[in-house]
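What TrEMBL records for this protein:
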- 48-331: domain 'ABC transmembrane type-1' (DOMAIN)
- 365-599: domain 'ABC transporter' (DOMAIN)
- 46-67: transmembrane segment (TRANSMEM)
- 82-100: transmembrane segment (TRANSMEM)
- 170-195: transmembrane segment (TRANSMEM)
Amino acid sequence: MRVRGYSCRHFEFESWSNMRTQNSSAAPKRSFHLVKKELKGQLPRVTLLVVLASVGAGVGLIQPLLFKSLLDNAIPAADLRQIVLLLAGMVVVPVLSAGLHSANHYLRSYIGEGVSQRLRQELFDHLLHVRFADLEQFKVGEHIHRLTSACGKIGEVYVSEHLLPFVMNAILLAGTLAAMAALNWRLCLLALLAFPLSYLLTRKTRGYAQGLYREFSKVLEDGKSYLHEVFPGLRTIRVFNAETHEKMRWHRWIDRHWRVKAKVHTFHELIRTVMPEFINYTAAGLIYGYGAFEIINGRMTVGGLVAFVAYLPRSYSVLQALLGTHVNLQEARVNAEMVDALFDLSKEPSGETLLPSTQMAGAALTFQNVSFDYGRGDFGVQDLTFHVASGEFIGVVGPSGGGKSTIFDLILGFYAPQSGMIAIDGVNLRELSLATVRSQIGFVSQDTFLWNDSIGKNILYPDRGDDTDRSRQAAQEAQIDEFIMALPDDYETVVGEQGMTLSGGERQRIAIARALLQNPRLLLLDEATSALDALTEQRVRTAIDKARVGRTTIVVAHRLITVLQADRIMVIDKGQIIEMGNLQELLARRGFFYDLYQAQSLDLPQSVL
Ligand SMILES: Nc1ncnc2c1ncn2[C@@H]1O[C@H](COP(=O)(O)OP(=O)(O)O)[C@@H](O)[C@H]1O
Ligand SMILES: [Mg+2]
C-alpha cells in the first residue's frame with residue numbers, strides 16, 4: 001500500500017526497546033470478547049464436544065476396571081467365558097475411545113479455526129478504517145503478522161488446544177479421580193499431591209513464558225517486515241552493491257530467530273514432557289510402595305492396585321495437558337495482546353451529514369485558519385486560509401516539502417487538522433460523512449498505486465463490472481488509450497505488483513482515467529504530470545482542461561506550465577500561502593513565483609515585461 005506516510009517506517013532488527021506490546025497483566029479484552037462471541041455462535045458444536053468428551057471420559061474409565069475383574073474374579077474362578085468377554089471388552093473399548101477422540105479433535109479444530117477466521121475478518125475490517133496517524137505507528141509486516149499468525153494462534157492455541165481441552169480434561173479428571181477414590185482414597189490423596197506441585201510450577205514460569213513469547217513474536221514480525229521491504233527495494237540494493245550488507249542483516253535475523261526458537265522449544269519440552277514425566281515417575285514409585293503396604297494390610301487387592309496404577313497415566317496425562325495449556329495460554333495471551341494493540345487504534349472520525357452531489361456542478365472548498373502537523377513537531381500546514389469557488393481551477397506550486405500534498409490529505413480526511421475548519425459546500429468536513437465526501441472527489445496521488453491486476457480492472461476499480469466502453473472513454477480522456485491498445489493483451493494486460501511493469505507516466509495516466517471515471521465534483525491532482533514527457537504532458541494538460549469543465553479542480557504541479565491556465569495559483573511554502581493570484585498578478589509581484597517562472601525558462605507575457 002502506498003498511501004503517503006504509511007508503510008514508510010524504516011525497518012530495524014535491533015529495535016528491541018520499541019516493543020509496543022506491553023507487559024500488562026490486564027487481559028486483552030477485545031480479542032477475548034470476540035472469542036466468546038464466536039464460541040456462543042458455535043454453541044451447538046461446543047455442546048456436542050462436551051457431550052462427546054464426557055462419553056469419551058466414561059468409556060476410558062472402563063478399561064482398568066476390566067483389568068481388575070480379570071485379575072480378581074475371572075482368573076481366580078478360572079471362568080473362561082468371563083475371560084473371553086473381558087478380553088473382547090479390552091479390544092472394543094480402545095477402538096471406541098479412538099473414534100471418540102478423533103471426532104473430538106475434529107470438532108475442536110473446527111471451532112478454533114472459526115475463532116481465528118472471525119478475528120481475522122473483524123481485525124481486517126477494523127484496519128480498513130483506522131486513521132493513518134494511528135496506522136503509521138506500525139510496520140506493514142506487523143499488520144500482516146498479526147492478521148495471519150497472531151489471529152491463527154488465538155484460535156488454534158487458545159481455543160483448540162487450551163480452552164476446549166481444559167473443559168474436557170476437567171471432565172476426564174473428575175471421572176478418573178472418582179474412580180481412583182473408589183478404589184482407594186488414601187492412594188488417591190497421594191496421587192493428588194502432584195497437582196499442587198504442578199500448579200506451583202506454572203505460577204513460577206508464567207512471567208518467563210510471556211516474556212519468551214513476546215520476544216518470539218517480535219522476531220517473527222521483524223522478519224516479515226524486513227522481507228516486505230527487501231524485495232521492493234532490490235533495485236536500490238543492487239545499485240549500491242549492498243547485497244552483502246543485506247545478507248548480513250538477514251543473517252542476523254536468522255541467528256536471532258534460531259536462538260529464540262531454541263529457547264521456546266526447550267521451554268515447551270520442559271513444561272510439557274520433562275516435568276510431568278518426573279512427577280509421574282516419582283508419584284508412581286510412591287504409590288506402588290504405599291499400595292504394597294495397603295495390600296499387606298488387606299485394605300486392597302492386587303487387581304485393585306493394578307487398576308489404580310492403570311488410572312495413573314490417565315490422570316497424569318490430564319496433568320500434562322493442563323501444564324501444556326498453561327504454556328498455550330501464555331502464548332495465546334501474548335498474541336491476543338498484539339491483536340488488541342491493533343483493535344485499539346482509532347477509526348477515522350466521520351460525520352453523518354451527507355454531501356448532496358447535485359448541488360452545484362463543482363464543489364466549493366474553504367480552509368479557515370487550518371493548522372496541522374504530523375506529530376513530529378514541525379509544520380504540515382500553518383494557519384491556512386483560502387476559498388475555492390465552485391468550478392474554479394486552482395494551481396498549487398511551491399518548494400518540495402512545503403505542504404502541498406498535506407492540503408490534499410486534509411481535504412480527503414486522511415488526517416484531521418488540529419485547529420481551524422475545512423468546509424465543502426459550506427459544510428464543516430467534520431460533520432460530513434467521509435464516504436460521501438470521497439465519492440465526490442477524484443484523486444490522483446503523487447505516487448500512483450495500482451493493483452496487480454489488468455489495466456481494465458484498475459481503471460474500473462473498485463468493481464464497476466466490465467464496462468469496456470466507459471473505461472476506454474476515460475482512458476482516451478487521460479491520453480492512455482492508444483498506449484493500452486498497442487499492448488498485446490490491451491485492457492487485459494496485467495500490470496505487476498504496484499504497476500511495476502509500467503512507466504511512471506503510464507501509471508499516472510491510468511490513475512487519471514480511474515479518477516475521471518468517478519465523475520467527481522472535485523478533482524485533485526498531485527503532481528500527476530510530473531513523470532510525463534513534454535509532449536504527453538501537453539496532451540494530459542488538454543485532457544485536464546476538458547475534464548475540469550463543470551468541476552472544481554486543484555492541481556499541484558512541479559512544472560508551472562501545467563497550471564498556467566489556472567484561474568488562480570497558490571504558492572505554498574513552509575505550510576503557508578506565500579503568494580496567491582492569477583498569473584499576471586503573481587508575475588507582477590516579482591516574488592517567489594516570478595523567480596520560479598524564470599528558473600523554468602518560461603516566456604514572460606507582454607503585459608508583465
Ligand atoms: N506521513 C507523514 N508523517 C510525518 N511527516 C510527514 C508525513 N507526510 C509529510 N510529512 C512532512 O510534512 C511536510 C509537508 O510535506 P508534503 O505536504 O508532502 O510536501 P509537498 O507535497 O509540498 O512536497 C514535510 O516536511 C514532510 O516531511
Ligand atoms: Mg507532495
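Note that Cβ sites are derived from N, Cα and C of the backbone, with glycine treated the same way.
Quick caveat, the model's predicted, so the values are computed rather than measured.
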What residues in the same chain, six or more past the boundaries of the transmembrane segment (82-100), come closer than 8 Å to it by Cβ-Cβ distance?
52, 55-56, 59-60, 62-63, 66, 69-70, 73-75
Express the predicted model's confidence over the domain 'ABC transporter' (365-599) as a mean pLDDT, rounded to an integer.
88
Tertiary contacts of the transmembrane segment (170-195) (same chain, 6+ residues out, Cβ under 8 Å):
50, 53-54, 56-58, 60-61, 64-65, 68, 279-280, 283, 286-287, 290-291, 294, 299-300, 304, 307-308, 311-312, 314-316, 318-319
